[in-house]
Number of protein chains: 4
Amino acid sequence: MGKAMKKLAVLTSGGDSPGMNAAIRSVVRTCAYHEVECVGVYRGYEGLIEGDFKAMDARSVRGIINKGGTILKSARSKEFRTEEGRKIAYKQLIDAHIDGLVVVGGDGSFTGALIFNQEFGFPVMGIPGTIDNDIYGTSHTLGFDTALNTVVDAIDKIRDTASSHNRLFFIEVMGRDVGHIALNVGIAGGAEEILIPEEDLGLDRLVESLNKSRKSGKTSSIVIVAEGDKIGKNIFELKDYVDENMEGYDVRVSVLGHMQRGGAPSCFDRVLASRMGVKAVESLLEGETNYMVGLLDNKVELTPLEKAIKGKSKINLELLRVSDIMST
Amino acid sequence: MGKAMKKLAVLTSGGDSPGMNAAIRSVVRTCAYHEVECVGVYRGYEGLIEGDFKAMDARSVRGIINKGGTILKSARSKEFRTEEGRKIAYKQLIDAHIDGLVVVGGDGSFTGALIFNQEFGFPVMGIPGTIDNDIYGTSHTLGFDTALNTVVDAIDKIRDTASSHNRLFFIEVMGRDVGHIALNVGIAGGAEEILIPEEDLGLDRLVESLNKSRKSGKTSSIVIVAEGDKIGKNIFELKDYVDENMEGYDVRVSVLGHMQRGGAPSCFDRVLASRMGVKAVESLLEGETNYMVGLLDNKVELTPLEKAIKGKSKINLELLRVSDIMST
Amino acid sequence: MGKAMKKLAVLTSGGDSPGMNAAIRSVVRTCAYHEVECVGVYRGYEGLIEGDFKAMDARSVRGIINKGGTILKSARSKEFRTEEGRKIAYKQLIDAHIDGLVVVGGDGSFTGALIFNQEFGFPVMGIPGTIDNDIYGTSHTLGFDTALNTVVDAIDKIRDTASSHNRLFFIEVMGRDVGHIALNVGIAGGAEEILIPEEDLGLDRLVESLNKSRKSGKTSSIVIVAEGDKIGKNIFELKDYVDENMEGYDVRVSVLGHMQRGGAPSCFDRVLASRMGVKAVESLLEGETNYMVGLLDNKVELTPLEKAIKGKSKINLELLRVSDIMST
Amino acid sequence: MGKAMKKLAVLTSGGDSPGMNAAIRSVVRTCAYHEVECVGVYRGYEGLIEGDFKAMDARSVRGIINKGGTILKSARSKEFRTEEGRKIAYKQLIDAHIDGLVVVGGDGSFTGALIFNQEFGFPVMGIPGTIDNDIYGTSHTLGFDTALNTVVDAIDKIRDTASSHNRLFFIEVMGRDVGHIALNVGIAGGAEEILIPEEDLGLDRLVESLNKSRKSGKTSSIVIVAEGDKIGKNIFELKDYVDENMEGYDVRVSVLGHMQRGGAPSCFDRVLASRMGVKAVESLLEGETNYMVGLLDNKVELTPLEKAIKGKSKINLELLRVSDIMST
């Protein structure tokens, strides 16, 4: 371990998620607790390059734990993908006497942090903030639990109208590469089928399943479709397919969209964010670098950034089976 | 006034809306209070033709006041549009010894009720149930207030992510013919512009307004678009237009869709439904027919069905001006 | 009309209510729209005396329309009740070149404003902000609609547990002098009885009503009690009375308390606040003074402050009857 | 393993919690999936003794996954605590040809189940349903996550009014023996102090902490108090103590009460209930008995009922430390 750290910085990067503000607050307050200065960096790596910094003390993060989004804003930075850009960013950090950086974001953001460390030896620590839960090394990413509740609330509302009209609804939820959201909300929302990127159910089986469900006496049905499902059709094509190939269905489509990213974080996400912020700051202060803070078996643990980036977050196969049994 | 009524029926018709169950409950309990029998008709006019009836007492509507949708289900009936269909429906009512009918629905449903009365002299009474608030003779339709809160909650969530990323969002809300929802949620959601069917803002003015808003220092913006807006482009074409004609915007689209129709009714809608149910039943019992129950100046009053159908619900121009001032 | 106004001030006073921030925002933006300066006064009349002012432009009220409470904070001021205190307040306003004052609060705050005007001729305008809806000259005060939804949501939750255990719940809601909240949430929450300050139901009738309800087959019951009910016992004494005088009841008490004052304002309250802010500022600019802005027949109208203070907001007797019928 | 099971029963017992209905649904549907009959027992052990049974098929649990409370109702049974009572219950089960019993409840309910098994050898399986999270052998009990969100939402609302008035709030949350709820909502709600049964902070330290918090510039504060805290005073005495011993505080008390038990279950609780129901039924079918189904390291595992009853659920000391750092 080198010299004692006196000033840390924190930024949010990539898609925003509920809990990012709670994480910022935790980083800032943990710094204050350890009498270390803290600096907020605006607009992710872009603000790092521009030196868009702001000193933050314990009071400056008052009243944000329950706010969605990120007060530090987020952005994607092309420039930080260049060595030139990263060199400028490094200079900004050095000029501001900053000794370590906490990055709240997804795997793209972590890749940037890791390269940055490898080039300049600058201490970095990651906190996984994304609603998709698609990061290896943590059972839950920040915002995942909140997004699940937001989506389930929307499904509950759609079910009201679905069952009043005996309709079939295809509901698209976020998840380009992983089906965590779809799988959980499918079970919680009482969906008849769940289409996820990890599994190609096949159109025939979908049709078969819907027919079986109808024969069993169900008059309305909900199918949850992850953005990145593998069935080979987008959600509107799915509707057309059913319209053409199945009789007697009144099919509707709902794409839940960006509201899934917002809202006041759940209790779970606020507590998780608070815990992760403490761990991230204290790990940096203890001389650690290149780790991601994650939740493993309800404990906050470190995973090397390299593993977090390369590893793959896998869906729980038990949930697939539970979903299957529940739609009996 | 003819012979005393001994049995009434209630049905829900057209698109469902939050508060319909509260209205059913009120109709049933008001019947019980006056010691009149009550019958629920399933699936609107379709169930009327099929004689899909169920006797309902005060206890049978327990626990539904806070449920979205309609326990009697709703449907559109082609057959009821034919004289033949209506003749069968009439026979079903007579065979079941029903003396009057309460119809909860929109103007299409009221038109059916009026024709039905004109042909068979059967007493009918309407309760306006639709989220669109597009019915003459009532300041509020059942479900409108709930839908406003649902939409505003979604806009709040989208704003979290919009302002974290400095984005421009086009959000589509329900309202094919009238802009009531768009206008109210636009003000409540802090939208920069509101596109409604009643007014053609014009693309040029939209662009101008967005540019002005940006110059004033706003980094993210929300534009509310009613389904039936007159700007001549659907919401995805709007996005393309801005992408092509304006620089520096990161434009996103969100279509809120069917979740707007569901959810536990607001306190306002529950109270309104309870009041309307009482008035509808008591008016029938007093020998009235062919009226719609509505809220006028916070009082529950009757408006002739004919007027309710032909009249046009107008948006409050004051709100347009307020919206304009608020986006200063 | 005197000289043109160039600078207005706004303050919030008395108990806070959801929608106060939306009203502040509206006052500030309407000033900006008319190119009039605007100043926020912190902590009500206390801050007025201390000159705790802050210039506010259109951007400074960004992101507050959906926040409960008041960013200007509120307080009760003993000093402002003295002539001496008001003299200092007047001097502060003159020194800051302020030409008119918008007061958001209840009738206590309006009384202060009226006396202030009578003493110094300083133009004042009131906006009714209180959850109790106890002000003459407006069908709705700011925060009333939001509080209703908050309370109904809590009642829905309590009903879950009440009906799982066949319990009788007494639920106390706000309303020291008026029963508006109790009456509306009682109907919307499906309460068996509602105890309000305007009416002394009498213990005997309460017992009779509960017994009747039980005989009709209800196994759980909810009684809504306004803080200021006239039955002569507080809510815990009520429980004791039933415990001692009625057999077989498992009685519980829940006092909802201060959560009723908070939360994101409903769509209705946000729109109402926006409309009232516009009207208040424009009325001052047109030379009006000593009025309260209110909602009458869905229009924003002026009522003399004197009337607003002396008049009494009356409960809607129709609602009492509806409640009675609904608990059939 | 004995003869194949053909019919199972399920009951809910003790205090209700959100997710109980989702667990009932899962038990019923898993039975249907395995073509085993399922019977619902009303009012817990009381209904077991009375033979208050109802056959349940997959359709009969439609639409309950999102409902708080328990459709099977719950009750405490004195009779089941007697051998005589349990003998009758056993006879009822045998007469109805029931082969195994799933008990959803807390440790009191599990004790009853275990004794019942020891006396009659009747196969039993427990599912932990209580908001308190006070059961050994599972990281989460059903309803805990939902209750956390309910409480945090209430705290957010109270904070609105607390910070508008610079007040100190004592908020009492459930937790007679354990501080899980208090600890989590304290962190998530940004409380200055958290008083839990496991730790006696001491009045002096509380006063010191509040004074420190005030000196650091905080003008409003929230202290979370678990029902069973050890500080030796109830929450109203706490208020009096601060009123008498500290200057300049405007102290208020809020007891959240029974609303904490109700409400639509969170996504987490719905998924957990679904998983637990599958595991409980399948374990019985595989010949297991006297176990509780629990969540351990995100997997659904069995713990002997005896251990679940005797073991003690411990609070996470890390959370105490996080809370301390966050209130910096």
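The backbone N, Cα and C atoms fix where each Cβ goes, glycine too.
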Q) Which one of C:Arg76, C:Arg159, C:Arg252, C:Arg261 goes with C:Arg25, C:Ser26, C:Val27, C:Val28, C:Arg29, C:Gly190, C:Ala191, C:Glu192, C:Lys218, C:Thr219, C:Ser220 at the ADP site, as TrEMBL has it? A) C:Arg159
Q | Candidate from C:Gly15, C:Gly175, C:Gly179, C:Gly186 that TrEMBL assigns to the same ATP site as C:Arg76, C:Ser77, C:Gly106, C:Asp107, C:Gly108, C:Ser109 | A | C:Gly15
Q) Among C:Glu198, C:Glu199, C:Glu227, C:Glu286, which residue does TrEMBL annotate as binding substrate together with C:Thr130, C:Ile131, C:Asp132, C:Arg167, C:Met174, C:Gly175, C:Arg176, C:Arg252, C:His258, C:Met259, C:Gln260, C:Arg261? A) C:Glu227
**Q.** Structural state of C:Arg252 (substrate binding site), classified by DSSP into three states
**A.** strand
Q.
Just to verify: the residue among C:Met174, C:Met259 with the fewest other Cβ atoms within 10 Å, which of the binding-site residues is it?
A. C:Met174
Q: State the Cα to Cα distance, in Å, between C:Gly108 (ATP binding site) and C:Thr130 (substrate binding site), rounded to an integer.
A: 11
Q. Which Cβ among the binding-site residues (C:Gly15, C:Gly106, C:Gly108) has the fewest C-beta neighbours inside 10 Å?
A. C:Gly108
Q. On a count of neighbouring CB atoms within 10 A, which of the binding-site residues C:Arg252, C:Arg261 is highest?
A. C:Arg261
Q | All-chain count of other Cβ atoms within 10 Å of C:Arg176 (substrate binding site) | A | 11
Q: Enumerate same-chain residues with a sequence separation of six or more from C:Asp132 (active site, proton acceptor) and a Cβ-Cβ distance below 8 A; give 'none' if the list is empty.
A: C:Gly106, C:Thr141, C:Phe144, C:Met174, C:Gly175, C:Arg176, C:Asp177, C:Val178, C:His180, C:Ile181
**Q.** Candidate nearest C:Met259 (substrate binding site) in space, where candidates are the binding-site residues C:Gly15, C:Arg76, C:Ser77, C:Asp107, C:Ser109 and distance is Cα-Cα
**A.** C:Gly15
Q) Across the domain 'Phosphofructokinase' (C:7-283), what does the pLDDT come to on average, as a whole number? A) 95
Q) Given the binding-site residues C:Gly15, C:Arg76, C:Ser77, C:Asp107, which lie within 10 A of C:Thr130 (substrate binding site) by CA-CA distance? A) C:Gly15, C:Asp107
